[in-house]
Structures are given as structure tokens and as C-alpha cells.
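Asker: Quick one: this structure, given as C-alpha cells, is what I'll be asking you about.
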Amino acid sequence: MSFLQEVGKRRTFAIISHPDAGKTTITEKVLLFGNAIQKAGTVKGRGSNQHAKSDWMEMEKERGISVTTSVMQFPFNGCLVNLLDTPGHEDFSEDTYRTLTAVDSCLMVIDAAKGVEDRTRKLMEVTRLRDTPIVTFMNKMDREVRDPMEVLDEVESELGMACAPISWPIGCGKEFKGVYHIHRDETILYQSGHGHEIQEVRTIKGLDNPELDVAIGNELALSVREELELVIGAAHEFDLELFLKGELTPVYFGTALGNFGVDHMLEGLTEWAPAPQTREATERPVEATEEKFSGFVFKIQANMDPKHRDRIAFMRIVSGTYTQGMKMNHVRTGKNISISDAVTFMAGDRARAEVAYAGDIIGLHNHGTIQIGDTFTQGENLKFSGIPNFAPELFRRIRLRDPLKQKQLLKGLVQLSEEGAVQVFRPLQNNDLIVGAVGVLQFDVVVSRLKSEYNVEAIYEGISVATARWVECSDGKMQDEFQRKNQTNLALDGGNNLTYIAPTMVNLNLAIERFPDVQFRATREH
């Protein structure tokens with residue numbers, strides 16, 4: 001297969017949802033339909049050791065939530081699909097945000113009983129930054145759900161995207177009979193399959209087929225025909241151009257737990273979602289089909305292999321081909337390095353990558369030299385843009401039970417901040433260490449990892465900090481004056497960037513007023 005064909009068949013996407021909308025189950029079933037796993041292990045398998053394939057860090061096993069981002073690759077419908085599993089728990093937004101910068105499309109999973117929830121809104125704001133195309137899956141149709149038309153209206157009004165239903169549910173809860181596939185003009189009858197059983201389904205061609213009346217009863221068949229007439233008249237038609245601009249989403253209905261509807265959604269995703277896209281670098285746009293290799297690091301994760309205390313840098317290949325042993329230019333450090341041991345993933349199971357193409361995600365072993373946002377090329381000095389750091393919303397002071405281990409604590413915190421697990425701030429005026437996060441769970445993760453990886457026992461204390469802002473000023477004199485007058489509120493983050501630590505929002509607003517030439521930023525490019 002030629003290079004252009006290889007790139008053309010790649011589909012790289014992430015799943016976004018509110019916690020508990022069924023994202024981990026969908027991930028499992030996507031892999032099941034892609035034949036990547038033989039048995040779908042659903043989260044918190046009661047009394048069994050069957051943990052979900054994409055939830056593999058110790059803490060995740062305990063809590064039954066997907067905390068870290070795993071990458072899985074599988075073939076489907078003539079394409080090679082790269083699925084980036086994003087942390088679904090309330091608290092893991094920052095990693096999730098960054099993962100969304102590494103994909104070409106997203107699958108939005110909505111609990112049909114609840115509709116659009118808070119976390120989904122936040123994640124959609126991030127996809128807006130790059131107008132990412134979105135495919136929607138309305139999940140849990142085998143439970144009592146809200147009126148489907150009402151949920152579509154909610155998606156349209158709250159997320160600002162037109163909805164084009166591709167399939168439409170027939171009943172719900174105990175009365176869920178299947179879906180009518182509008183594009184194919186056929187009814188697919190629901191039979192529940194669980195775990196790793198993909199059930200045989202029966203399809204009935206045509207909405208007016210008398211077989212449908214026999215299968216679901218005359219009364220229901222009549223009301224389905226009437227409802228669909230209204231739906232097809234009122235809803236948007238699918239428009240590929242609008243989908244690719246992120247303005248319209250195709251919508252599928254089903255139940256991930258019942259193994260139903262996921263394959264229809266995958267067929268749509270592989271058919272319509274874009275192949276690897278052009279990516280903006282500071283110097284120029286980089287096309288996926290360029291022959292020379294380039295890529296950027298969007299995530300660093302420690303301890304992927306409990307047997308080795310290693311860290312893996314996840315790299316999205318933007319253009320060209322990776323081959324085992326090739327030389328790359330690590331642009332930030334200016335060093336040429338030879339990469340012979342990059343890995344591909346199936347959630348915690350690794351395989352050595354011999355060859356990978358634009359759109360693929362590979363893992364580089366990292367001994368502390370690679371940071372989030374780093375660009376690698378075959379020589380050209382490029383810097384890919386759009387990989388953000390987000391100002392934390394929660395803060396704690398961290399201190400040691402054993403004061404002699406200050407050095408290990410600092411080393412551990414700086415390494416954890418480089419991989420985006422948490423942000424660290426060192427005030428200019430004292431020896432405190434302040435930890436900032438986007439969600440509470442990150443604090444637990446940091447303490448448990450400091451203990452298991454750095455042998456450091458740390459505890460938190462409350463601290464009155466409302467928010468943090470990165471400060472920049474093009475006028476050197478003004479910056480000096482600003483620093484002199486605000487010493488008590490200034491700190492350096494893990495990358496030694498000057499940060500304003502605001503005890504209250506009022507304090508921050510006053511500082512912004514007093515120093516109009518200083519920029520206070522809530523996000524910072526890596």
C-alpha cells in the first residue's frame with residue numbers, strides 16, 4: 001500500500017462525554033466490533049478481576065474510572081482507527097483537553113436519559129477551538145429515556161450544532177425494539193448482547209414492509225411510521241461539508257451495554273470523519289501527506305509499566321512516516337536523537353512500532369528530556385501550536401511528613417507537572433510549594449504517585465488562592481516594577497514561567513487594572 005493510501009485510511013478520534021454517560025463501555029464495544037479484544041470487560045466487574053481494558057492504572061482499578069488517556073488502534077471498514085480514550089471522570093479535564101488537540105474528529109456520547117451535561121459542554125468548547133467534526137451517539141436506549149426529539153433540540157441549542165439523525169429509536173427501556181436507519185431505509189431489530197457476544201441482528205428493508213408490523217406489532221409500526229415522517233421532515237439532512245466544519249453532527253441511537261448501535265456509528269465515523277488533517281505550526285501549515293516526518297507530544301504518562309519506572313511521551317504524527325531506528329530533531333533542545341524503541345498501544349499492552357504514519361500515535365520512552373508540546377521533525381525547525389496549559393482552579397499547599405526529603409519532593413512534583421498530572425508553583429518569597437489542579441482527584445493521584453514512585457509521603461494543607469494567571473509584559477521596565485510591587489503574589493511554575501497567584505478574584509482584577517501593560521493569561525501554550 002502506498003504512503004498516501006496509508007495516511008488516507010487513518011481515522012484518529014477521541015470520545016468525549018460526561019462521567020457515567022457510558023464512555024468506558026462504548027470504548028470497550030468499539031474495540032469489540034473492531035475485533036481488537038475478544039471479551040469486553042466492563043468497569044468494576046463484580047467480584048471478578050475483569051477490569052475494563054482501557055482502565056489500567058492502580059487507582060483506576062480501585063475506583064472504576066478511566067483516569068489516564070490510553071491509545072488503541074484497530075481496523076474497521078477498510079480504515080485503521082486510532083481511538084484516544086480520554087479520562088471520563090469529573091476531575092481529569094486538563095489531560096482530556098490536551099488529548100482533544102491530537103485528534104481529527106470526536107465521538108460525543110450522551111446519556112439519552114439526561115441529555116447534555118456540564119462536562120460535555122466544557123469539552124465541546126475545546127473542540128470548538130479547532131472546529132473538530134463531531135459524531136454523536138445517544139446511549140442507554142434500553143433504559144427509560146427522554147423524548148429523542150427533545151434531546152436533539154437541547155444539543156442544537158446548548159452546543160450550537162445542527163443535528164442530523166442517521167438512525168432513529170423504536171421505543172425505549174423494556175419496550176426498546178431497535179432503530180430505523182434513515183440512510184439505508186431499513187429497520188434493525190434489537191436483541192440484547194452482553195459482554196463479548198455480538199448478537200445476530202435481523203434487518204427489515206423498507207419502512208412500509210409488512211414484516212415490520214409482524215415483528216413489532218401493528219400499533220407500534222403505525223406510530224413509528226408517523227413519527228419518522230415528522231422527524232425526517234423536521235430534522236436536518238446530513239451534509240458532509242457542514243460536518244467537516246464542525247457545524248453539524250450525525251446522530252446515532254443505541255445501547256453500548258447491549259452491544260447495539262455501536263457498529264452503525266463506527267460505519268458512519270469511518271466513512272465520513274476526516275483522514276489526518278493539515279496542522280498549524282508557528283512557521284507554516286504542515287500537510288499530513290508531506291513525506292518528511294513531523295509530530296508533537298500532547299501527553300506524558302508515568303508508570304505505564306509497573307515493572308519499569310518509565311515515562312512514555314505520547315506523540316501524534318502530523319506528517320510523513322516513522323520507521324524504527326530513524327533519526328529525529330528534537331526541536332526545543334536542538335538535539336538529533338535516534339528512536340529505535342517507539343511503541344504502539346492497546347491500553348497498557350505495548351508493541352514495538354516498526355512503522356507508523358501521519359495520524360498514528362506512538363509512544364517515546366522519556367527519561368525526563370521530553371515535555372508536553374515538544375515538536376520532533378526530520379530536520380526542519382517547526383513548532384506546532386495549539387497545545388494549551390489551563391490555569392488551575394483548585395490549589396493546595398503541599399508539605400512533607402519527613403522534611404529531609406525536600407529534594408525528592410521537588411523532583412517528583414516537577415516531573416509530574418511536566419507530564420501534566422498537576423501544576424506546581426514555587427512562590428518567590430518563601431519556600432512553600434503550591435500544587436494547582438483542575439479537579440480534586442488530581443490531588444489524590446499526586447500523593448499516591450509521590451509515594452509509590454518517589455517514596456515521598458506528602459500531605460496537603462488548605463491555602464487561600466482563588467486562581468493563577470501567567471504574566472507577560474513586553475516592556476522590561478514595566479515588568480520589573482510589576483515584580484517589585486507584587487513580590488508576595490508571584491511564583492514560578494514547573495517550567496519557570498512567572499505566575500500571579502491571586503488570593504481572591506477582586507485582588508486579580510485590581511492587579512489587572514493597575515498594570516494595563518501586563519498580560520494575565522488563563523491559558524498558556526506549551
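Counting begins at 1 with the first residue displayed.
Any Cβ shown, glycine's included, is placed from N, Cα and C.
Okay, these came from Swiss-Prot:
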DOMAIN    8-277  domain 'tr-type G'
BINDING   17-24, 85-89, 139-142  GTP binding site
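Can you tell me where each of these features sits in this structure?
Answerer: For THR86 (GTP binding site), other Cβ atoms within 10 Å of its Cβ number 26. In this structure, THR86 (GTP binding site) belongs to neither helix nor strand by DSSP; it is coil.
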Asker: Check SER17 (GTP binding site) against DSSP and tell me helix, strand or coil, would you?
Answerer: strand
Asker: State the count of C-beta atoms found within 10 angstroms of the C-beta of SER17 (GTP binding site), not counting that atom itself.
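Answerer: Within a 10 Å radius of the Cβ of SER17 (GTP binding site) lie 24 other Cβ atoms.
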Asker: Is MET141 (GTP binding site) helix, strand or coil when read with DSSP?
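Answerer: Reduced to three states, the DSSP call for MET141 (GTP binding site) is coil.
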Asker: For ASP20 (GTP binding site), list the number of other Cβ atoms lying within 10 Å of its Cβ atom.
Answerer: 15
Asker: Across the domain 'tr-type G' (8-277), what is the average pLDDT of the model, as a whole number?
Answerer: 83
